[in-house]
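Trainee: This is the structure I want to talk about, given as structure tokens.
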Amino acid sequence: MSPTIYTIILSSLATGTIVTMTSFHWLMAWIGLELNTLAIIPVISTLHHPRSTEAATKYFLTQAAASAMILFSSMINAWNTGTWDITQMSYAPSNILLSLALALKLGLAPAHFWLPEVLQGSTLLTALIITTWQKLAPMSLIYMTMNNLPSTILLMLGLTSSAIGGGSGLNQTQTRKIMAYSSIAHVGWLAMIASIMSYIMIMNLMVYWMMTTALFTSLICSKSKTIQDTATTWTTSPTLDIIMMLLLLSLGGLPPLTGFLPKWLVLEELIMQNLIPMATAMATSALLSLFFYLRLTYATTLTLPPNTLQMKFKW
């Protein structure tokens with residue numbers, strides 16, 4: 001793809017998100033979401049490979065379905081209340097439909113099946129865009145309609161996502177799929193706190209954004225597409241190896257590192273709201289995620305010389 005076309009596509013991507021984040025009318029928000037979806041399709045299918053074409057098709061179908069559901073829920077709301085204002089979503093059925101549509105757009109379980117497949121079919125850089133930038137527009141819609149969204153549905157979606165994201169990532173060997181399940185689990189934490197405390201949700205999103213970007217950048221630098229590739233990162237750059245170890249442990253949420261803070265605040269807030277069984281279940285599901293982060297950490301840094309190497313060298 002020529003640099004000019006790539007620049008136009010990326011600026012369309014940015015514009016779509018900004019339009020959605022700054023709009024108060026449902027039609028403008030929907031236009032922003034559609035612009036976002038249409039701009040990322042050529043980025044996913046740049047490889048000219050059946051796998052990437054399949055990924056682009058899956059992405060397009062799920063996002064188009066989610067956008068249609070969002071438009072449908074806003075139309076029902078406008079029909080019953082007479083307003084297209086995003087903050088005035090007061091009709092209960094349209095709120096339920098909206099929360100399910102946003103779950104599909106974000107890749108929250110049980111509507112998460114498209115995300116690992118799409119990431120596996122695209123490059124590491126495209127996977128980075130899908131797991132970070134593409135989460136902003138739907139999250140901003142959740143933030144704007146948060147007072148009206150059914151909190152029970154959000155709590156259940158959050159719990160399911162965290163458990164499925166942690167459990168399904170255990171048997172993966174591809175780094176992109178691991179990052180996809182990691183994304184599902186983290187967005188589950190965001191959905192969990194969304195209806196309770198918005199400030200913690202935004203802080204959680206920012207921390208997730210920074211850590212995921214840093215880890216994907218490390219994977220791009222070391223060209224690591226499987227766990228086996230990460231084991232030979234030290235031959236490229238020992239410093240990068242240590243950074244990757246800290247990032248993985250931070251994503252897992254181990255105490256001295258940054259990733260522990262959002263989890264701690266979410267659990268504290270859940271306990272304050274007397275949702276102790278929910279907090280226990282979330283903490284347990286975080287252990288599942290931690291296991292596959294630790295496995296990656298082990299392959300990346302704990303098999304360094306003079307220990308016996310588990311993997312073949314890249315050369």
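In case you wondered, yes, glycine gets a Cβ from its N, Cα and C as well.
Just lifted these from TrEMBL, have a look:
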DOMAIN    25-288  domain 'NADH:quinone oxidoreductase/Mrp antiporter transmembrane'
TRANSMEM  59-76  transmembrane segment
TRANSMEM  96-115  transmembrane segment
TRANSMEM  149-166  transmembrane segment
TRANSMEM  178-200  transmembrane segment
TRANSMEM  206-222  transmembrane segment
TRANSMEM  234-255  transmembrane segment
TRANSMEM  275-294  transmembrane segment
DOMAIN    290-315  domain 'NADH dehydrogenase subunit 2 C-terminal'
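Would you situate these features in the structure and describe their surroundings?
Mentor: Residues 33, 58-59, 62-63, 65-67, 69-70, 72-74, 76, 89, 130, 135, 138-139, 141-142, 145, 149-150, 153-154, 157-158, 160-161, 163-165, 180, 183-184, 187-188, 191 of the same chain, all 6+ positions outside the transmembrane segment (96-115), place their C-beta atoms under 8 angstroms from a C-beta of that stretch.
Nonlocal intrachain contacts for the transmembrane segment (206-222), taken as residues 6+ away from its ends with a CB within less than 8 angstroms of a stretch CB, comprise 124-125, 127-128, 131-132, 135, 175, 179, 182-183, 186, 190, 229-230, 233, 236-237, 240, 243-244, 247-248, 250-251, 258-259, 261-262.
Listed as Cβ neighbours of the transmembrane segment (234-255) (distance under 8 Å, sequence separation of 6 or more from its ends, same chain) are residues 182, 186, 211-212, 214-215, 218-219, 221-222, 263, 286, 289-290, 293-294, 296-297, 300-301, 304, 313-314.
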